[in-house]
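Lifted from TrEMBL, the feature list:
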DOMAIN    66-211  domain 'Glycosyltransferase RgtA/B/C/D-like'
TRANSMEM  76-97  transmembrane segment
TRANSMEM  109-142  transmembrane segment
TRANSMEM  154-182  transmembrane segment
TRANSMEM  194-211  transmembrane segment
TRANSMEM  238-260  transmembrane segment
TRANSMEM  272-291  transmembrane segment
TRANSMEM  323-341  transmembrane segment
TRANSMEM  361-377  transmembrane segment
TRANSMEM  383-399  transmembrane segment
TRANSMEM  411-429  transmembrane segment
Amino acid sequence: MFTPKIALFAVVATFLFLLLGRGNFPINDDWLFARQVESFRNGNIIINHQIEPAFIFQGFLGYVWSQIFGLSFQSLHLLSFVVYVVSVVFLFKLLSLLTENKKLISLLVALYAFNPIVLASSVTFMTEIYFLCLIIVSLYYYQLGFQKKSDTHFLLGVLLNGAAFLVRQSAALMIPVAIYFYFAGEKKVRWKHLIVKSLAGLIFILIWVFWPRYSSTDESSRALFLEINDFVPRLQQIGYSFIYLIFFTLPLFLGDLRFFKEIVKQTKKFRQLVYIAVTALVTFVLGRHVYLLDIFPLGNVFYIEELYSKSGFRSNFSIFDNSPFKIFLIVLIIISTVGLIHTITKNRTKILGKNRKTSNFYLVNLVLQFLLLLVTKDLYDRYLLPVFVLVLIISATYAKELEFKITKLAYTGLALLIFISLALNYEYLTVQALRWDQALKIQQDSGIVLGIQLDGTYTKYFAAKKQNDFTGIGQSIPGGLEYDCYIQSYTDDGSWFLTKQLILVEKTIEKFIPNPKVYEAKKLIDDKRIKKHLKELRYNQMYFSPLYSIIGKKAYVGSWCELE
């Protein structure tokens, strides 16, 4: 059962597991946001051209934090983890207002807290966790306002929602929806309160509009909305997004598999038998299609092989990067999908008969967030997080109608998700810490900085530092850049008998069912392989890897230089 003590223990354990001793280095593009905080500290409040103009609140929060704890990536990552903890606590409080089902609340909070993208976001200074936290806290106060008809709580919700807008612009959609549902049904319009709450939201919009930001003669990169020619491919991407949402909520529909017995009973009727056969065929075709796309094709953060693995990815047999495991995941997703459809169909009368302000409020917001994903310029897996949170909240809202069964099987599914999330995050952070440590050593030994091939984040960060650029205008990577040193991770299959047998089984299966590669993976420009340079390694460090060590492989991070 979820209790504050258990939650605190889990959070502290996660913090120690992921962050302790990891070093001071940027993750993904959070170096851009960290430099914006540095710009604020220097007295320059103009927003970087490459940053969404709605970064204002997070930048101010980072500025205040850095004044107390100093400015470093470690410090800002710690701030992000604190914000993550706050979001977990307030999600628990919000769900407790919506349902009395403690088991369901525990499960939903755990699904959020250990979601691989949420967890990855909790240790970076990217905008995701700040946006999610402010949205969750604002929804909590909106809910208090709805239930208690409290103008004070509701106004606090509007203010927090406005702060979320100063992190991500999509938060603006929630304010008018909340105001509408709060005042809907009143016999007499309370104009004073309506105007005050509307103005409270408008203030944040005006701050965003008038806040100074660097601009470029080429504003095409700042376009917010999708071009009409890209609309059909976007529909396909929206379809892919359901794979993520179903996978991230697996335990909700794995708890009770009795629906299979009901389906089997229906096969006695010919019409139902045909319907089931057609459904099975469609499911197989779609499942095969999703498998060939490597299951999670949207990309950016979450890949089952490794996090952030789109650039420079090389397939390497691991506990997750193999055909049997990916087939297993597809089967789980299919079962969960069937369970979802069956649950909704079975309880459709109860669901449609429910007409409460609260449930309608969250449903409208869910639809609006999906519509936003349909028309915005880019769509990455991390952009699904607000939708994911709303799905969890709606699940609590319809707890009685959907009749969730939280069984041992559901907890087993949760344990699988937690293991995947922790393993991928641990692997990524460990490897990055070792790679950055070696890069800094090479810098000290040779004086080479931009000539080290680590990843795009490293090159962009040091290029911006060298140019002392806080504007974000111009090339992020210098043209014609050539590398002298290379830092890569690699594995050694070792001599363990079980490892050799597993690899042999994988190769045999791949003859019939190929192991799909990361969807639309990009090769590095200077794509050299470390295994051809093992005798030239300047640094070579072995580390424990949950992806490889468990199956007997030895994992390393090594570096070498090719100096004339």
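The backbone N, Cα and C atoms fix where each Cβ goes, glycine too.
Between the transmembrane segment (411-429) and the stretches 109-142, 194-211, 272-291, the greatest number of Cβ pairs separated by less than 8 Å involves 109-142.
Applying DSSP to the domain 'Glycosyltransferase RgtA/B/C/D-like' (66-211) sorts its residues as follows: 119 helix, 0 strand, 27 coil. Stretch with the most C-beta contacts under 8 angstroms to the transmembrane segment (323-341), considering only 109-142, 272-291, 361-377, 383-399: 272-291. Looking just at the domain 'Glycosyltransferase RgtA/B/C/D-like' (66-211), the mean pLDDT is 91. With Cβ pairs under 8 Å as the measure, the transmembrane segment (109-142) is packed most heavily against 383-399, out of 194-211, 361-377, 383-399.
Long-range contacts of the transmembrane segment (194-211) within the same chain, counting only residues at least 6 positions beyond its ends with a Cβ under 8 Å from a Cβ of the stretch, are 45, 47, 53-54, 56, 154-155, 158-159, 161-163, 165-166, 169, 172, 175-176, 179, 182-183. Counting only same-chain residues 6+ beyond the ends of the transmembrane segment (383-399), those with a CB under 8 A from a CB of the stretch are 91, 94-95, 98-99, 101, 104-105, 108, 111-112, 115, 117-118, 121, 128, 131-132, 135-136, 139, 170, 241, 244-245, 248-249, 252, 298, 351, 354, 356, 358-359, 362-363, 365-366, 369-370, 373, 376.
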